[in-house]
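K.L.:
Mind looking over this structure? Questions follow.
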């Protein structure tokens with residue numbers, strides 16, 4: 001990585017599910033042994049698919065080791081998670097026996113880079129400042145132990161090769177175990193997914209499912225009553241969370257399902273009808289299923305909003321409010337609500353007051369900024385020279401995966417074609433791709449079959465792709481927050497990464513924010529950027545939530561004018577809160593964009 005960084009610095013440029021529906025009178029009964037024929041489908045079709053279409057190998061999330069292979073089914077007097085899943089019987093959790101083939105499919109093998117869990121700088125997380133504010137903040141954990149974590153979850157964490165909790169996990173586990181709501185603000189790549197999955201699953205394994213309402217009719221519409229609901233802004237992030245949930249629900253009574261727009265709803269309905277205890281969903285598709293009467297939220301104990309600020313930016317606020325406030329979801333105070341994101345400006349914190357009760361605000365690290373594990377380089381490149389500059393960069397890079405961001409779908413296609421013609425293994429992902437094409441492209445990139453992924457904003461937030469060593473902003477975004485989240489695709493889980501940006505006079509609207517980001521992360525600020533900053537009008541960085549400063553990571557209850565009385569202790573580790581000096585008005589934002597449609601696919 002150091003060698004690559006030096007080379008950059010010296011560049012001369014300026015539904016195959018076999019687990020059918022189980023009738024109520026047979027639920028919980030031993031089932032006849034059948035061969036599991038839906039192993040992971042790894043058919044590599046080569047690279048002649050051009051722009052990342054159908055030529056790469058299939059990664060069918062509906063088959064393989066997914067729901068049908070090892071999970072599925074409710075059970076009348078008890079609760080079961082399919083043939084190889086555990087059961088909840090007479091108030092006790094009875095895990096299923098271990099299955100070596102299932103473990104290889106779910107957790108991989110230690111040398112497999114696609115199942116990466118930690119990096120060479122993981123111990124550096126011990127030095128990251130953490131601040132937790134609110135009443136009676138629990139002491140953080142320092143290692144994965146039982147208690148407070150459930151024993152089965154600890155076994156699954158070990159199988160996933162997680163050796164120590166990240167800062168957000170150190171606090172989220174005891175906070176949830178103590179029945180508190182949580183707003184967690186943590187840097188990209190800091191383990192937020194485990195931050196909510198670990199405590200939610202641990203408590204679910206201990207307490208079991210809630211009793212379902214009395215049946216009204218033969219099968220009560222085969223309605224699902226999940227214990228936990230996790231909402232995410234995009235189908236890719238939802239699928240990623242689901243993949244992680246499958247690891248940590250292994251051998252347990254909890255059956256995980258995922259639903260999102262852009263794919264046939266019939267397959268998703270069939271999965272839900274077979275039982276759903278933990279539901280990962282995009283807001284639009286979840287609204288659709290609620291309207292169809294296929295899901296009830298009456299038994300929800302845990303509500304998780306991941307990438308909450310992005311969901312609101314995308315116009316999902318009306319849909320989220322409808323789900324949380326207008327349907328049959330367990331009310332505030334009777335459920336636990338967890339909000340996770342890399343940024344939580346004041347207006348989002350104000351909105352959280354409607355969803356959370358007596359919550360703890362957790363700020364981890366340089367929130368709203370970039371990781372110091374990422375080396376950032378900004379190069380001055382005119383538009384007509386970008387392809388040549390890109391080839392120079394790629395020639396200097398030999399290992400790992402490279403993620404290239406462009407602003408338009410047309411440019412994604414054009415640049416991918418150009419790279420393929422230059423004999424690079426490239427694929428693309430953007431909003432005009434079908435869901436299956438996007439999944440195949442991501443699978444090819446994760447596996448290394450394609451070493452270059454050209455992407456629009458569809459892949460900018462939340463996706464955790466191991467071994468991304470280099471992020472290139474071929475086109476800089478107009479918003480500095482988008483820049484932060486783009487480059488956060490590298491340097492994840494303690495690993496080091498390189499981020500390179502092509503800058504020219506057309507990027508004047510991001511000058512001040514970019515300068516501030518580089519300065520905060522102790523990165524070199526090139527002279528042309530300093531000159532551009534001096535001549536740029538105004539003094540505010542261009543952020544869609546501008547006006548509050550970059551590090552909007554403090555509890556608004558501490559801000560001037562907000563009532564902070566009665567919140568009690570504030571536990572701080574290594575540092576104190578930083579932040580702007582004014583939070584602006586406490587008003588509902590009305591400019592979140594169009595919320596129409598439940599397909600959840602039109603925003604790209």
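Heads up, the Cβ atoms here are built off N, Cα and C, so glycines get one too.
Bear in mind that the values here come from a model prediction, so they are computed numbers and not experimental data.
Sharing the features that Swiss-Prot gives for it:
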COMPBIAS  34-45  compositional bias 'Low complexity'
COMPBIAS  46-55  compositional bias 'Gly residues'
COMPBIAS  67-76  compositional bias 'Gly residues'
COMPBIAS  584-604  compositional bias 'Low complexity'
CROSSLNK  158  ubiquitin cross-link
DOMAIN    173-362  domain 'Helicase ATP-binding'
MOTIF     142-170  motif 'Q motif'
MOTIF     306-309  motif 'DEAD box'
K.L.:
If you average pLDDT over the motif 'Q motif' (142-170), what do you get?
P.N.:
91
K.L.:
Grab the same-chain neighbours of the motif 'Q motif' (142-170) for me: Cβ-Cβ under 8 Å, and only residues 6 or more beyond its ends, written as numbers and ranges.
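P.N.:
Tertiary neighbours of the motif 'Q motif' (142-170) are 86, 93, 95, 103, 106-107, 110, 115, 117-118, 122, 125, 128, 130, 177, 184, 186, 190-192, 194-195, 198, 201-203, 205-206, 247-252, 340, 362, 364-365, 493.
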K.L.:
For the motif 'DEAD box' (306-309), jot down how many residues DSSP puts in helix, in strand and in coil.
P.N.:
2 helix, 1 strand, 1 coil
K.L.:
Have a look around residue 158 (ubiquitin cross-link) and count the other CB atoms within 10 A of its CB, chains all included.
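P.N.:
If we count other Cβ atoms within 10 Å of residue 158 (ubiquitin cross-link), we arrive at 12.
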K.L.:
Do you know the DSSP helix, strand and coil residue counts for the motif 'Q motif' (142-170)?
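P.N.:
Within the motif 'Q motif' (142-170) the tally stands at 13 helix, 0 strand, 16 coil.
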